[in-house]
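Participant: Below is one structure. I have some questions about it.
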Amino acid sequence: MNHLIAFWPILKRLLIYVKPHKKKLILAFIFLLSGSTSEVLGPILISYFINNILSKHQLHLLIILTIITLFIILQILSVFLNYFQSILFNKIAVESINKLRQDVMYAALQQPISEFDSQPIGQMISKVTNDTEAVKELYDTVGPTLFRSIILIFIILFAMFTLEWHMALVALFILPLVITIMLVYQYYSTPLLRKVRYYLAEINNKFNETINGMNVIQQFCQQRRFQEKIKKSSDLHYMSRMKILRLDGFLLRPLLSLLSSMILCNFMFLFSFFPVGAFEVGVLYAFITYLGRLNEPLIAITIQQSVLQQSIVAGERIFSLIDSPKQKYGKNKDLLKSGKINIQNVSFYHKNCNKNILENINIKISSKSFVAFVGHTGSGKSTLANLIMGYYPLKNGKIYLDDKSIDSISHSVLRRNVLMVQQDPIVLSDTFFYNITLGRKIPEEKVWNILDTVHLSDLVKSMPKGIYSLLGEEGNNLSVGQKQLLAIARVLVAYPKVLILDEATANIDSGTEQLIQKTLLSIRKNCTLIIIAHRLSTIIEADSIIVLKKGKIVEFGTHEQLLTKKSCYYKMYKFQSCKF
């Protein structure tokens, strides 16, 4: 039974989202109960008509018209009540799933950066989109259908016991068999449904990977190989789906129809034990009608069992994201004043990797100084910058900002005072103004001043709508250098105390590099500046250059001091000088 999920705890958590809509839910249930009752009363009227009017040949027109009118009113009432309950349940479902989706999205936004390093993005997207849509079925389809079916079963059984309790006992025999079928279905369907949800997320992940890497795929003619990768996941999803369908086809409708036929045969067998005339024709008609009606909610319940299992499995995946550990930040909300950094005995390794990426790092960076981290690929430069940003929790050692442990500083203070410009900046499909402010309440005049600082004001003025001009998807109407300048402008409007540039000039032309150099010269007076350098020519004026090799500090000093040592930095600088 280990492969079964904790059904009731997950269902209970999902139903909590319906709790704020209690009044609507009660009204919907009243409509549902009234509609089901109206639906069941019809055969009783017909039974009365057969027994008391038709069989006795007392065809009074007024009585017949009254029965017909009542029957039509009951059917119309049933239709309207079922319509209104359906509208209410759908409204509750949409509002509940909207809240659930917001919670899932919030949980995704609160995930530690390390989770995005190890978890496929497609899996997370699937939890926010596909899985929440599967849970929606619980609110707008499964819940109302199950409740309506259960109400119908009880009302039909009550009516059957009222008419003839011997025959009703025979009909009651079907219920334990149905419960057995549902338990067997749950046992075999749960692991299959898990696979279905997983493979669907895998398809999303591989498709996302393919779209993002389309340039490389087409450049190296790898379309067929990536098509095969998606096809493999799609085939696995298809096979798991087919197993579910075969299980549905065997355990649900056909088996229930067979059970109903067996009950009908039992009725016929039961008749042989009663004397002729013991049953009225109207009662017999009502029982046969109710048996057919009883079959419908039972089939509906077993069919919804499949949808319910999908919703529960989707809920399990959603809550695995919501309940996943969040990165812990401190509670100190005092703003940083100087931007002084002190790194003491820091060693670090990523999750699922026992080898240290950084080992025994000790650095002191004074306020408003210009420091550069250099080293070959894999030396630990970006990891060290990410630790200063507070992206990863420290395992060994301490980092102090303004003599306060980074673990004690609140998330809002950390994000406001320590900012980073990455090598591949993110540009949103929105206006230039929004891309800089990101929704923060920043005056337009201040934004223009920052644009002047980063030498982008002329570009923005040349655009049709100026600062409110729309940028294309991922900033496709901007050059790489312009994106970098925009990213620098984005962080400068916040006046950070510590600014980190992670190889921000690695992929740009020399002209844009000079603009960025001018920008850095103008802002270094206001904040502590840390640059992860690819081009060593950009850090010649740094107050201190720290050379990393295999996660260790091997050299530090000014540009001139390191050249004098003629060691690692000297070799790197000479190599680049000869290269250019």
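Cβ coordinates are placed from backbone N, Cα and C, and glycine is handled just like the others.
The following feature annotations were taken from Swiss-Prot:
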- 25-310: domain 'ABC transmembrane type-1' (DOMAIN)
- 26-46: transmembrane segment (TRANSMEM)
- 61-81: transmembrane segment (TRANSMEM)
- 150-170: transmembrane segment (TRANSMEM)
- 173-193: transmembrane segment (TRANSMEM)
- 247-267: transmembrane segment (TRANSMEM)
- 268-288: transmembrane segment (TRANSMEM)
- 341-575: domain 'ABC transporter' (DOMAIN)
- Gly375, His376, Thr377, Gly378, Ser379, Gly380, Lys381, Ser382: ATP binding site (BINDING)
Participant: Can you give me the average pLDDT across the domain 'ABC transporter' (341-575), rounded to a whole number?
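Facilitator: Looking only at the domain 'ABC transporter' (341-575), pLDDT averages out to 86.
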Participant: Say we define neighbours as other CB atoms within 10 Å of the CB. Which of the binding-site residues Gly375, Gly378, Gly380 has the fewest?
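Facilitator: Looking at the binding-site residues Gly375, Gly378, Gly380, the Cβ with the fewest others within 10 Å is that of Gly378.
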Participant: Who sits close to Lys381 (ATP binding site): which same-chain residues at least 6 apart have their Cβ under 8 Å from its Cβ?
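Facilitator: Counting only residues 6 or more apart in sequence, the Cβ neighbours of Lys381 (ATP binding site) under 8 Å are Phe373, Val374, Gly375, Ile532, Leu548.
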Participant: Out of Thr377, Ser379, which of these binding-site residues shows the lowest number of other CB atoms within 10 Å of its CB?
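Facilitator: Fewest other Cβ atoms within 10 Å, among the binding-site residues Thr377, Ser379, is found for Thr377.
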Participant: Is the transmembrane segment (26-46) packed against any residues at least 6 beyond its ends, judged by a Cβ distance under 8 Å, and which are they?
Facilitator: 67, 70-71, 74-75, 77-82, 84-85, 88-89, 92, 144, 147-148, 151-152, 155-156, 159, 282, 285-286, 289-290, 293
Participant: Taking 10 A as the limit, how many CB atoms besides its own sit near the CB of His376 (ATP binding site)?
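Facilitator: Excluding its own Cβ, His376 (ATP binding site) sees 12 Cβ atoms within 10 Å.
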Participant: Around the Cβ of Ser382 (ATP binding site), how many other Cβ atoms lie within 10 Å? Please give the count over every shown protein chain.
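Facilitator: A count of 19.
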Participant: To test your reading of the ATP site: which residues beyond Gly375, His376, Thr377, Gly378, Ser379, Gly380, Lys381, Ser382, same chain only, put their Cβ within 8 Å of the Cβ centroid of those residues?
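Facilitator: Near the ATP site, beyond Gly375, His376, Thr377, Gly378, Ser379, Gly380, Lys381, Ser382, sit Leu548.
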